[in-house]
């Protein structure tokens, strides 16, 4: 499993969250492209896009479970195709990035604001792209095509 990718996701996620938290105040929004894309500081007590707000214990347990499963299944993951390995690394890095926030602060720091979508962060992107890559690998890359 490309653990380096997971580490890069966690470091990038935490550095950007640190910068947002120290240069902005909650609710502050900086337009990058007016009415299209802003950097908006949001304290999110829920999951991606604010769902299941105030379920801190649940998300901490789920984050720990994902990290432990990633370690336990590492020998299996290493034998899979590159897309599956990268997807798993992205999922692990994103889960760990948000887990760090939940343990430290009781919420996740979100900042990417496309105005028509709930505010999210780098860890959320890694989780979504990682899950999509895993699903793609399972459906199209892990099984040989059958002859009709």
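Here the Cβ of each residue, glycine as well, is placed from N, Cα and C on the backbone.
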The annotated transmembrane segment range in TrEMBL, which must be one of 39-57, 58-76, 77-95: 58-76
Residue pair residue 110 (active site), residue 124 (active site) - Cα distance, angstrom, rounded: 9
Site of maximum Cβ density within 10 Å, from active-site residues 110, 124: 110
